[in-house]
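Participant: The following feature annotations were taken from TrEMBL:
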TRANSMEM  16-33  transmembrane segment
TRANSMEM  40-65  transmembrane segment
TRANSMEM  80-99  transmembrane segment
TRANSMEM  106-125  transmembrane segment
TRANSMEM  145-162  transmembrane segment
TRANSMEM  174-202  transmembrane segment
TRANSMEM  214-233  transmembrane segment
TRANSMEM  245-266  transmembrane segment
TRANSMEM  286-304  transmembrane segment
TRANSMEM  311-335  transmembrane segment
């Protein structure tokens, strides 16, 4: 089905987690900035902005034109948590814009993302978990549940970044928001980890069910590290003074755990795609792998800088270039996929 029919179907079936494209592009853009590859960073920023605008537009059209499909996503515990990628993408874009001095735009994005975080944070657990008739719900738990954690920590990241640049009475409010959202994210990580672990222990895991979003577990730990490192570097405020030491130490623990997760995640990919020969064809969830790779690089960079850990800083530098290579491959595959599925000759 090509042309208008193919486009309409693509909008109707849009994966709610497609904003991971924006998250991945923005994070790799930040990684390249810190590696002093400024032209690459700006190019990736433009991809981030354009992707964000396109996805916001398409998502709005989908909600209006296909409300039943959107409501179905809200009640599907396997897809609903993907909606949190909008929150994370908004904050990642805002954090990257702050680097170029667009503080007011970033502040506006923080307002939007914070409101969306609050609404979705109460809505999705009710519609997709507590309000569903499916029992036990833990049977549907998967890596997408960690995106709630990423959304919370992304609010902390942008609030912490803005706290340094904004003077006056808003500084203490931003410090409070950063610490509170970081703390909530830490507890949510524990909760999501328990549910996902129970699902893996209690029910058989088929190769088709080992989706790329399980990498978000590592990405959630990495963004917890980044948020913690940015909070440690914030300007003085009562909330920061009271928690700086605790957050700095906890961030190191999360970095260690996130690093430990990488080998089993790679092994799981080999088990899925090599042993069981699941195709490596492009699909939207692959961006949920690229984002953690970029996040780990940027998080390691800031943790090494904030806590004076040279080896962690170096690991972040190496990982940033790995993330760029992975992003490039995935982006080319995505363009090919779009041409094949939406082009005039598509069927």
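Keep in mind that glycine also has a Cβ here, set from the backbone N, Cα and C atoms.
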Participant: Find the member of 40-65, 80-99, 174-202, 286-304, 311-335 that has more C-beta pairs under 8 Å to the transmembrane segment (145-162) than any other listed stretch.
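Facilitator: Ranked by Cβ pairs under 8 Å, first place goes to 174-202.
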Participant: Under 8 angstroms, Cβ to Cβ: which one of 16-33, 106-125, 286-304 has the largest number of such pairs with the transmembrane segment (245-266)?
Facilitator: 286-304
Participant: Residue list, the transmembrane segment (80-99) vs rest of chain: Cβ under 8 Å, 6 or more residues beyond ends.
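Facilitator: Long-range Cβ neighbours of the transmembrane segment (80-99): 15-20, 22-23, 26-27, 29-30, 33, 45, 48-49, 52, 55, 59, 73-74, 105-107, 109-110, 112-113, 116-117, 120, 124, 127-128, 144-145, 147-148, 150-151, 154-155, 157-158, 161-162, 165.
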Participant: Are there residues at least 6 beyond the ends of the transmembrane segment (174-202) whose Cβ is under 8 Å from a Cβ of it, and what are they?
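Facilitator: Contacts of the transmembrane segment (174-202) (Cβ under 8 Å, skipping residues fewer than 6 from its ends): 114, 117, 138-143, 145-146, 148-150, 152-153, 155-156, 159-160, 162-163, 166, 214, 217, 220-221, 223-224, 227-228, 230-231, 234-235, 237-240, 243, 247, 250.
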Participant: What residues elsewhere in the chain lie close to the transmembrane segment (40-65), defined as a C-beta under 8 angstroms and at least 6 residues from its ends?
Facilitator: 11-12, 14, 18-19, 21-22, 25-26, 28-30, 32-33, 86, 89-90, 92-93, 96-97, 100, 324, 327, 331
Participant: By Cβ distance under 8 Å, which residues at least 6 away from the ends of the transmembrane segment (286-304) in the same chain are close to it?
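Facilitator: Tertiary neighbours of the transmembrane segment (286-304) are 17-18, 20-21, 23-24, 27-28, 30-31, 34, 143-144, 147, 212-213, 215-216, 218-219, 222-223, 225-226, 228-230, 233, 251-252, 255, 258-259, 262, 310-320, 322-323, 326-327, 330, 333.
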Participant: Any residues 6+ beyond the ends of the transmembrane segment (106-125) with a Cβ under 8 Å from its own?
Facilitator: 74, 80-81, 83-84, 86-87, 90-91, 93-95, 97-98, 148, 151-152, 154-155, 158-159, 161-162, 166, 177, 181
Participant: Using a Cβ cut-off under 8 Å, which residues of the same chain at least 6 positions beyond either end of the transmembrane segment (16-33) come close to it?
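Facilitator: Apart from its flanks, the transmembrane segment (16-33) reaches 40-42, 44-45, 47-48, 51-52, 55, 73, 79-80, 82-83, 85-86, 88-89, 92-93, 95-96, 99, 144, 147, 150, 213, 284-285, 287-288, 290-291, 294-295, 297-298, 301, 320, 323-324, 327, 330, 334.
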Participant: What residues elsewhere in the chain lie close to the transmembrane segment (311-335), defined as a C-beta under 8 angstroms and at least 6 residues from its ends?
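Facilitator: Beyond its ends, the transmembrane segment (311-335) has Cβ neighbours at 21, 24-25, 27-28, 31-32, 34-35, 40, 44, 47, 255, 259, 282, 286-287, 289-290, 293-294, 296-305.
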